[in-house]
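Participant: Before we start, here is the structure in question, set down as structure tokens.
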């Protein structure tokens, strides 16, 4: 570039890059950088820059403004947000930056930049689409893994007070001797049905009940009777430490100075977990655990079966033996908090099985009982501040 002026390829005169020339032409002293591109002569000044020059040589242009000026190309081809350069279109047609090739009619820069922007948008959309597909795939994998994984977790190590874990395994063992324990970040879950297909249990123990909990997703098979026997060596306040060795399929249980190593059962050899039915039942009774236990105990004194009947706001439990009978009116009972019945009906249940639910329930537990006309009974309750949740189902005995 000469000391006076130089000719651009289009024949226009480009002033020499000096503080005086540029300051005079653009009229900047403290001009905001965002409005510089709106001024007449911007493109001529921009195309006249030399590599060894710096925007800070202009009066009123500091480091921050200089950095912005280096990033701005023109109002038509800028890559900055719209708030950086706004206003009416300049009267001067945009010229091609030195890094681009301009075609004969001077439109190469604009078209190439537009194509580049379209390419970037397409690439962003493809990346977003790919990310969405990956997320959906991960969610799908997680959903499948939760219900179908049959391998032991790579990690399971946890510590819990005996009083918070023993009721969980004791409740489930009222229905089955062996069970699959599904383990994940949320805690433990057991779903099982007894050999006679009469009673089912779905029990969960939250990870929040543990003093410490570190687990990956997986499933193990456990002999519940042996596990309960081991836990019987601990006092209520003792801490119980579980650690799984997935390679040899053994669970180490440490209680104070006692250490037990229990061999696990192959989950494939344990009966498949049942599907939980979605039942629409007519009646619901919310009853205190102590009243629930007393009612079952009373009818069991005279009979081996009990009839649970309901009629709108009324419900009762009835047992009839060879010589004696017993009736418990749930409608007139301080221990019954709510009775909801949309119709009238009754169901007959075996007390041998119903007693298993009685053993699971603590006196201070609130129990929800739902029944229908010749439908199963659902018994739902929580233990240990809700960290243990038990949902049980008992099939009815079909009446003659």
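In case you wondered, yes, glycine gets a Cβ from its N, Cα and C as well.
Automatic, uncurated: that is what TrEMBL annotation is.
TrEMBL feature annotations, pasted as is:
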REGION    1-28  region 'Disordered'
COMPBIAS  1-12  compositional bias 'Low complexity'
REGION    47-154  region 'Disordered'
COMPBIAS  47-56  compositional bias 'Basic and acidic residues'
COMPBIAS  82-98  compositional bias 'Low complexity'
COMPBIAS  99-127  compositional bias 'Acidic residues'
COMPBIAS  135-145  compositional bias 'Acidic residues'
DOMAIN    157-257  domain 'Proliferating cell nuclear antigen PCNA N-terminal'
DOMAIN    276-389  domain 'Proliferating cell nuclear antigen PCNA C-terminal'
Participant: Averaged over the domain 'Proliferating cell nuclear antigen PCNA C-terminal' (276-389), what pLDDT does the predicted model reach?
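Facilitator: Computed over the domain 'Proliferating cell nuclear antigen PCNA C-terminal' (276-389), the mean pLDDT is 92 on the 0 to 100 scale.
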Participant: In the domain 'Proliferating cell nuclear antigen PCNA N-terminal' (157-257), how many residues does DSSP put in helix, strand and coil?
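Facilitator: So the counts come to 22 helix, 50 strand, 29 coil.
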Participant: Write out how many residues of the domain 'Proliferating cell nuclear antigen PCNA C-terminal' (276-389) are helix, how many strand and how many coil, based on DSSP.
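Facilitator: For the domain 'Proliferating cell nuclear antigen PCNA C-terminal' (276-389), the helix, strand and coil counts are 22 helix, 53 strand, 39 coil.
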